[in-house]
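Novice: Have a look at this one before I ask anything.
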Ligand code: F6P
């Protein structure tokens, strides 16, 4: 193997640059050239390739976003589009690819492997919704940002004795909501994977105010419902001075945390070694604190295992 390509796909996530850096520096250490593929699979098909040197990845580990840019490109599901991408790689002498991204990215990595370009997927999404990994690159930073935002929201909530309903991202996965909710001391957390009872949440908030609390925080995963709608439902069960706040894309930005930088670096380094050993069609993860690999095919049947203990702990402390 002489050349590796690397791309980021889907929604950007803090730590993606750290993974690109690790791949680049590890590959160069082993005498392999690295090509950055810009704009994800769209750039792959367009042949938007840039050689990456150690200088190019210097001072990137601490930056959010992805300096290779990203794109959602559903066209890559089509066989003829995949073949165009593989042809671009062959034209540039690139024999292997590392894909950093969410769900859709793995389909692309598998398609390339089947076309003879060994490819490895790294979990890069704030949502933490990928099967066979306890952790995705960007999840920790997004939780940190969510927690910081709620700390600030609580200052104003307290000053006015208000209830805030805060929407966090995560698509259909409640991991961000559970972790941010627990870390920010929320009165209630609602996630899509578990039943919740708005009347009960209203009772919890009322009890809090009756016991001398001066604010209420409810963290609602975006997969449950919009914070405004949740607020309107809540007001049916209590006369709260309530506000809704949708954190939105701010959760995708900012400097990656230590956890994201270190895990992204470990996974990027490991992915290069897998390719050096002639492996492809694999998804890298971190399970029980250790690097792991699974066939990408297994991911399509698998389901991410969330740590619902976080929700149970919060319920036990607040209900
Ligand atoms: O998958 C990451 C994510 O930020 C989700 O949490 C969110 O639902 C979605 O992407 C937003 O997508 P877009 O950036 O296309 O609006």
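Here, residue 1 is simply the first one shown, and the rest follow in order.
The backbone N, Cα and C atoms fix where each Cβ goes, glycine too.
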Novice: Please state which member of 3, 154, 171, 243 TrEMBL lists alongside 21, 22, 23, 24, 25, 185, 186, 187, 213, 214, 215 for binding ADP.
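Specialist: For ADP, TrEMBL names 21, 22, 23, 24, 25, 185, 186, 187, 213, 214, 215; of 3, 154, 171, 243, the listed one is 154.
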Novice: What does TrEMBL list, out of 11, 15, 146, 170, as binding the same ATP as 72, 73, 102, 103, 104, 105?
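Specialist: The one candidate that TrEMBL places in that ATP site: 11.
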Novice: Which binding-site residues of 11, 103, 127, 171 contact ligand 1 in the sense of C-beta under 6 Å?
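Specialist: Only 11, 127, 171 qualify.
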Novice: Sort the binding-site residues 72, 104, 185 by C-alpha distance from residue 127 (substrate binding site) and give me just the closest.
Specialist: 104
Novice: Test of understanding: give the count of other CB atoms lying within 10 angstroms of the CB of residue 185 (ADP binding site).
Specialist: 14
Novice: Please name the residue among the binding-site residues 72, 252 whose C-beta has the most neighbouring C-beta atoms within 10 angstroms.
Specialist: 252
Novice: With residue 125 (substrate binding site) as the reference Cα, tell me which of the binding-site residues 11, 21, 23, 187 is the closest one.
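Specialist: That would be 11, the closest of 11, 21, 23, 187 to residue 125 (substrate binding site).
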